[in-house]
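Just below is one structure, and these are the notes that go with it.
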Amino acid sequence: MTETLLKVENLKKFFPIHGGLFGRQVGEVKAVDDISFYIKKGETLGLVGESGCGKSTTGRMLLRLLEPTQGTIEFDGQDLTKLSKEEMRKMRKEIQMVFQDPFASLNPRHTVEKILEEPLIVHGVKSKEERKKRVRELLETVGLSNWHAKRYPHQFSGGQRQRIGIARALAVHPKLIVADEPVSALDVSIQAQVLNLLQDLQKEFGLTYLFIAHDLGVVRHISDRVGVMYLGQMMELADSEALYDSPKHPYTEALLSAVPIPDVHVKKERIVLKGDVPSPANPPTGCPFHLRCPKVMGNCASVRPVFKEVEPGHYAACHLYDEQM
Amino acid sequence: MSEIVEQTQLPPSGPEVNVNQEEKTVSPWVDVWRRFRKNKAALFGAVLVSFFILLAILADLIAPYGFKETALENKHLPPSSDHWFGTDEFGRDIFSRVVYGARISLWVGFISVAGSVIVGSSLGIIAGYYGRWVDTIISRLFDILLAFPSILLAIAVVAMLGPSLQNALIAIAIINVPTFGRLVRSKVLTVKEEEYITAAKAIGMKDSRILLHHVLPNSLAPIIVQGTLAIATAIIEAAALGFLGMGAQPPTPEWGKMLADSKDFIMQAPWTVFFPGIAIMLTVLGFNLMGDGLRDALDPRMRN
Ligand SMILES: Nc1ncnc2c1ncn2[C@@H]1O[C@H](COP(=O)(O)OP(=O)(O)O)[C@@H](O)[C@H]1O
Ligand SMILES: [Mg+2]
């Protein structure tokens, strides 16, 4: 059995809402509301959910780019939430991030060389020669060429920019990479290339990924396990195969029905959800999904379902799986 | 008023363009120069500015007379081949005084603006990056300074320090601090929300390095534009203080002071007023044209 690299427990992030004449706190956005999951060494956990459900917030809390409101993040046996600011800064050598918008996340005034050198400088690679060598190595690793080093981000295509973003994340040999919708901003034709690169890198360097995406289609091939989020909560988490073949949560079923199925024999009805996603500033009581759920029952509106193992390794938060009394 | 030059990013996912090896690497600054070069008015401004800078540097070589060389018998001579711009009421050569005056005006312009930029940007960066109460204190300080009409504030400062060119310079530097402070603060506020700042944090960069290597360089464009325009204003303000007798003292050939000293003779000897006036106008015009051109060149999206 492989060991666990990251274990997140009861993680919450509430953003205060300030209002009124004196900027008092008038409420909070429950961006992430009590989620727990783990990632094993060398695997990819896909994190899926509609825009605004708290995926990025979750990813950013893992690097403590956002401070968690509550919960623990155990990385390699160490609770990251207990580290000082400076200790956490150094810890970021181990956990890196790939961003959704490759252009926005690269400083337009820096050459690729400078962009890739910075993590090395920051984490104490003193020799300039060594850094230059590593930059060449990184460019090659992500499928770019040496002569790209002197160029600026605006001179590259979207796919190439994301390769630069990936190279930057790889620079200091991290263990975990949080990839926040790394292909969402790219042309469909380029997406597969970047996904393949990420998979190759994982094999080559034994990387562990938290792979965030907003639809189930993209994460399918790349993920070992997949978690589905809705309104800041984890609705279901299981092995990819189990999740795609026999989803337990009505929300996952609805999401899956929207993914185009290549296999024509499988005939699935498209489940059209009623209503809009409620605001995380004012989430529904009970199950966050109950207002739109086609299988809503008696206690869904009042009691928040517990996120629990409904089959071995298959977790869901739904009253359909409550023990009969 | 502070001019805010926003530098928003281009939309991300453009069409996949092929970057081939032959295409030359273009640094952002080279790009700026290419755009600046195409702007005729801006180039004219740059030529004017360079011309006055050369005058200031080479004043000793260019000026045929010393700036305080009096010859009372030559009082109020009209322009001639001996005295190209004529002479003033002490018989001093106005051309020479205008040439030396370039030194004074440019010196006041550059040094006072440099002072405002350094102090204003530091305060602006600190206020913008750290936010919260630090921001509140610094921003209120700017508000207070900006609540006074700038020339009145300058007069008040000079009244406290005593009239002299140096104190005029200090006064001008002080009144421009909030302009740069606010400009830089607002720029920092937008820059710090940029994803590449988050990315810099994500790789484990320290705040100090983020400020120096990412926030400051990306806030530079509006500082350069505003700085150029502010030099023009500073030159006018120095001249105004000189005119009011609160700046340069005799026999310093400060253009504003020259105007003031000659204003009683404007009918008999109009050249005593005309040439210093033209010098002020051309320098100020030069810096303004150059500043506007820089703005367009640094941020092409500002153009309509
Ligand atoms: N800094 C912030 N302040 C207030 N609300 C925020 C902030 N960042 C995110 N949110 C809110 O938190 C929720 C989750 O956002 P996010 O994690 O970005 O979602 P996702 O990445 O799944 O699209 C959204 O409702 C968003 O508006
Ligand atoms: Mg997101």
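Any Cβ shown, glycine's included, is placed from N, Cα and C.
Model, not experiment: these values are computed from the prediction.
What TrEMBL records for B:1-21 is region 'Disordered'.
Sequence annotations record features per position, and here TrEMBL assigns compositional bias 'Polar residues' to B:1-11.
Summarising the annotation, TrEMBL assigns transmembrane segment to B:43-67 (among others).
Annotation source TrEMBL lists domain 'ABC transmembrane type-1' at B:102-291.
Packing against the transmembrane segment (B:104-129) from elsewhere in the chain are residues 52-53, 56, 135, 138-139, 141-142, 165, 168-170, 172-174, 176-189, 192, 207, 211, 215-216, 219, 223, 227, 230-232, 234-235, 238-239, 248, 252-255, 279-280, 283, 287: each is 6 or more residues past its ends and has a CB under 8 Å from a CB in it. Annotation comment: TrEMBL describes B:104-129 (among others) as transmembrane segment.
Proximity of distant same-chain residues to the transmembrane segment (B:141-162), defined by a Cβ-Cβ separation under 8 Å and at least 6 residues beyond the stretch ends, is recorded for 123, 168, 170-172, 174-179, 181-182, 237, 240-241, 244, 246-247. Look at TrEMBL and you will find B:141-162 (among others) tagged as transmembrane segment.
Note on the transmembrane segment (B:168-184): residues 1-4, 108, 111-113, 115-117, 119-121, 123-125, 127-128, 138-139, 141-143, 145-146, 150, 153-155, 157-158, 161, 219, 222-223, 226-227, 230, 233-234, 237-238, 241-242, 246-248 of its chain, located 6 or more positions outside it, place their CB under 8 angstroms from a CB of the stretch. Here TrEMBL flags B:168-184 (among others) as transmembrane segment.
The transmembrane segment annotation in TrEMBL covers B:219-245 (among others). Remote same-chain residues near the transmembrane segment (B:219-245) are listed as 2-5, 7, 104-106, 108-110, 112-113, 116-117, 121, 125, 150-151, 154-155, 158, 163, 165, 168-169, 171-172, 175-176, 179-180, 183-184, 187-188, 191, 254-260, 280, 283-288, 290-292, 294-295, 298-299 (criterion: CB distance under 8 Å, separation of at least six residues from the stretch ends).
Among the features that TrEMBL reports, transmembrane segment is placed at B:265-287 (among others).
Counting same-chain residues at least six beyond the ends of the transmembrane segment (B:43-67), those with a Cβ under 8 angstroms from any Cβ of the stretch are 36-37, 92-93, 95-97, 99-103, 105-107, 251-253, 279, 282-283, 285-293.
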